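For 29, 30, 31, 32, 33, 34, 35, 36, the entry in Swiss-Prot reads ATP binding site.
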């Protein structure tokens with residue numbers, strides 16, 4: 001349960017500390033004194049976003065098996081969270097608060113009219129939230145797979161439409177019959193052809209000087225070797241030199257043969273063939289504004305695309321099977337959820353009827369209407385809460401429920417959800433008075449024996465029923481207003497009950513005392 005609540009620099013609240021207790025804690029005050037700011041401060045601690053002033057801080061003491069102090073503050077424009085004085089994440093704080101506080105502010109009334117809120121409330125009551133999350137997961141997977149199939153079929157259609165063109169692109173390149181490596185060789189041959197006479201002259205002259213002509217390198221080496229052979233006997237060094245010269249002769253001869261092989265011998269037919277291929281390649285390069293190697297790479301990609309096209313039927317069948325499997329899984333889960341909703345809807349109607357009777361709506365009934373709808377991530381049900389003050393002529397809440405009826409219905413719906421350790425209600429008694437107000441107070445008093453209840457109210461009976469009472473007041477520091485929250489003594493509580501009854505007089509004070517006594 002909640003213990004101490006400390007609020008600092010929270011809008012008009014400068015420095016307030018409130019100590020809640022077990023039972024029914026009641027906060028009252030004149031209109032405009034910021035009664036709901038206590039709720040807003042707790043919402044701030046629970047992570048509510050907003051434009052909060054620098055230095056804002058809210059600290060809350062949770063009492064249970066162990067004492068936990070949670071804090072959120074704004075420093076340098078950023079929110080910081082703490083658990084027992086140590087820095088913590090927002091998610092850690094929210095996890096610690098989970099199941100501890102059920103906060104029902106005035107704005108929650110509006111949610112009663114929303115179909116998604118009504119659906120979520122029924123699912124929570126029916127303990128279906130986990131199954132609905134699973135359903136949502138399957139639904140999202142189904143939609144994703146359906147989109148994948150749609151995109152696949154669209155691309156398949158595009159491929160089929162341009163298949164002839166793609167095949168032509170491949171054919172016009174393959175008819176040339178040149179690979180990337182062969183293209184480089186072809187360019188080298190073309191370069192050779194363009195410089196054929198120059199190459200022939202250079203090779204011919206080299207062959208002549210190496211071996212074929214007079215005074216060739218080969219001939220000169222032979223003469224040198226023969227001359228040295230004549231004087232070989234005069235020095236051992238000559239034998240070594242003669243051997244080296246002989247080796248040189250052999251190398252020159254090998255060089256001659258190698259060079260002779262490089263003498264270009266290209267037929268006119270081969271020249272024409274090379275020029276024809278280069279001409280066709282040049283036309284392709286001009287046509288596609290790309291180099292031939294780039295065109296070859298693109299053709300390989302086109303081949304891959306065509307290969308994929310040939311296997312699309314298998315892929316399509318595979319995708320359709322996956323879609324059908326997910327659809328069957330979704331349908332099965334959706335049917336289970338729908339069945340459980342319809343079953344639990346009756347229990348919800350009965351439970352709400354019981355609570356409404358305790359709140360002085362003897363003949364009022366809630367009807368949970370469930371109709372089949374188009375599939376959504378929440379299933380195939382359209383859920384709407386219908387209400388009747390007299391047990392017939394059910395209509396949507398916004399059409400028939402008065403403010404007082406809505407307040408009590410909201411209270412009843414809040415209480416059928418999984419129990420929290422602390423319930424916080426803001427103006428839950430709006431629009432009710434007289435005997436009904438007394439019954440609501442009595443109901444909350446009984447509820448507070450099981451769990452802690454904090455309520456902000458204008459109701460005299462609720463104020464009288466409080467185990468601990470607080471009052472908000474507006475003060476001024478010069479021209480600057482600020483809000484204080486102070487605990488009321490027993491005497492002050494009676495005076496506050498009298499004020500809420502309409503006026504302070506001996507008669508109302510006496511009535512206030514009797515009302516307070518009625519709840520003891």
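Note that Cβ sites are derived from N, Cα and C of the backbone, with glycine treated the same way.
The shown structure was predicted, so the numbers you read here are calculated from the model rather than taken from an experiment.
Mapped onto this structure are the features recorded in Swiss-Prot.
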residue: 29; record: ATP binding site; Cβ contacts under 8 Å, 6 or more apart: 35, 471, 472, 473
residue: 30; record: ATP binding site; Cβ contacts under 8 Å, 6 or more apart: 472, 473, 474
residue: 31; record: ATP binding site; Cβ contacts under 8 Å, 6 or more apart: none
residue: 32; record: ATP binding site; Cβ contacts under 8 Å, 6 or more apart: 474
residue: 33; record: ATP binding site; Cβ contacts under 8 Å, 6 or more apart: 472, 473, 474, 483
residue: 34; record: ATP binding site; Cβ contacts under 8 Å, 6 or more apart: 11, 12, 13, 472, 474, 483
Any further residue of that chain within 8 Å (Cβ to the Cβ centroid of 29, 30, 31, 32, 33, 34, 35, 36) of the recorded ATP site: 472, 474, 483
Cβ-Cβ neighbours of residue 35 (ATP binding site) (radius 10 Å): 22
Residue 29 (ATP binding site) in three-state DSSP notation: strand
Protein Cβ atoms within 10 Å of residue 36 (ATP binding site), excluding its own: 17
